[in-house]
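In what follows, a structure is listed as C-alpha cells, so that the remarks can point back to it.
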Amino acid sequence: MSERVILAYSGGLDTSVAISWIGKETGREVVAVAIDLGQGGEDMEVVRQRALDCGAVEAVVVDARDEFAEGYCLPTILNNALYMDRYPLVSAISRPLIVKHLVEAAREHGGGIVAHGCTGKGNDQVRFEVGFASLAPDLEVLAPVRDYAWTREKAIAFAEENAIPINVTKRSPFSIDQNVWGRAVETGFLEHLWNAPTKDVYSYTEDPTVNWNTPDEVIVGFERGMPVSIDGNAVTMLQAIEELNRRAGAQGVGRLDVVEDRLVGIKSREIYEAPGAMVLITAHAELEHVTLERELARFKRHTDQRWAELVYDGLWYSPLKTALESFVAKTQEHVSGEIRLVLHGGHIAVNGRRSAESLYDFNLATYDEGDTFDQSAAKGFVYVHGLSSKLSARRDLQ
C-alpha cells in the first residue's frame with residue numbers, strides 16, 4: 001500500500017477538492033482529519049461524510065473545543081493579544097492545534113505525508129509548515145493549492161466536473177474560516193477596499209442598531225487572569241466564550257474591518273467577528289490596569305504585542321514565545337477580580353472594577369477629606385524628576 005496522506009480537512013472548497021485531486025494525481029490514499037473548534041454551522045458528521053464522499057479512505061473528527069479554549073484562547077487573553085492592535089488572532093491560534101492533531105493522526109494511521117489546503121499568498125501555509133517542522137520534521141508536506149497554483153475558479157470548476165459536494169459559486173466566493181473564538185471572511189468584493197461589507201458577510205453578530213434600546217451589562221470574573229465567572233455564575237473557559245459570543249454578538253460587538261500586514265509581505269483586507277474574544281480581552285486588560293504595578297504593566301504591553309506577532313507569524317512553538325509565557329504566568333498572580341462592562345451599539349464600555357488584589361488606594365487617590373497622600377513631598381519629587389530636562393534645556397538655550 002502506498003504511503004497515506006493525512007489532510008487537514010475543513011469541509012470547504014479547497015480541502016474537498018484536495019481529497020479527490022490527491023487521489024487522482026498521486027494514487028495515494030487520503031485520511032481526512034476535521035477538527036471541531038466550536039465553529040458551528042454544519043454538523044461535524046456531515047463534514048465527515050463529505051470527506052468520504054470526496055474520496056477519503058478514512059475521515060476522523062476530533063472534538064477539540066475545550067482544548068482549544070483552554071490551551072489556545074486563554075493564552076490569547078492572558079497576553080491581551082491583538083495583532084496590529086486590532087485582530088484577536090482568530091485563525092492564527094487554531095493552526096498549531098490543528099497541526100498537533102494532524103501529527104497524532106499521521107502516527108496513528110500510518111501517514112508519512114501531511115497536507116493542507118493553503119494558498120501561497122496567505123499566512124496559514126507558514127503556520128502549518130513551521131508547526132509540522134517543529135513537531136514532526138520527518139513528515140513530508142503536500143500543499144496542492146499552493147504548489148499547483150489553483151485559483152478559486154479552477155477549484156470550483158474541478159469540484160463541478162467531479163461532482164464534489166461543496167456550497168460555493170463564482171457569485172458568492174467568500175473564503176470563511178471560523179471557530180468559537182471568532183470568524184474571518186475574505187475575498188470577493190471585499191478585496192476592493194472602498195466596498196462596504198454587506199449584511200450577508202456577518203453571521204456571529206447582529207447589526208449594532210438592532211438592540212439599541214436594550215444594552216446588556218455583564219460582569220466577568222477572573223482568577224489569576226483566567227475567566228471563571230459570568231454575572232457571578234461559574235463557567236469553563238469554553239462556556240465563557242460561548243456566552244459572551246451570544247450576548248456581545250447580539251449587541252453588534254466584535255465587528256472588525258481590517259487591512260492587515262500579512263507575513264508574506266502583502267496587505268490584505270479581512271472582516272472579523274469576535275464578540276466574545278473582544279469582551280474577554282477588554283475585561284482582562286482592564287483588570288490588569290487595576291492589579292499590575294506601573295513598571296510591570298508598561299513592560300507587559302511590549303511583551304503582549306510581541307506574543308501576538310509571534311503567533312500571527314506562525315511561531316507558536318518558538319523558544320521566545322515559550323519564554324514570554326513564563327514571564328506572563330508570573331504577571332498573572334494577582335490578576336483576580338471582576339470587571340463590569342456595558343455592551344451596546346457595537347461598543348464595549350467598562351463601568352466597574354473590583355479586586356481584592358487592587359493597587360488602587362482610595363485614601364491616596366481621593367481629593368476629599370480622608371486624603372492620606374503627603375502632598376508636601378511632591379515639590380521635591382517634581383524638582384528631581386525634571387532636573388535632567390531642566391539642565392538640557394538650559395544648555396540648548398545658550
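Cβ atoms here come from the backbone N, Cα and C positions, even for glycine.
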Annotated companion of Ala8, Tyr9, Ser10, Gly11, Gly12, Leu13, Asp14, Thr15, Ser16 at the ATP site, Swiss-Prot, chosen from Gly111, Gly112, Gly117 = Gly117
Looking at the binding-site residues Ala8, Ser10, Gly12, Ser16, Thr119, Asp124, which ones sit with their CA no more than 10 Å from the CA of Ser175 (L-citrulline binding site)?
-> Gly12
Cα-Cα, Glu260 (L-citrulline binding site) versus Asp124 (L-aspartate binding site), nearest Å, comes out at 14
Taking Tyr87, Tyr272 as the binding-site residues to compare, which has the smallest set of other Cβ atoms within 10 Å?
-> Tyr87
In angstrom units, rounded to an integer, how far apart are the Cα atoms of Arg127 (L-citrulline binding site) and Ala8 (ATP binding site)?
-> 13
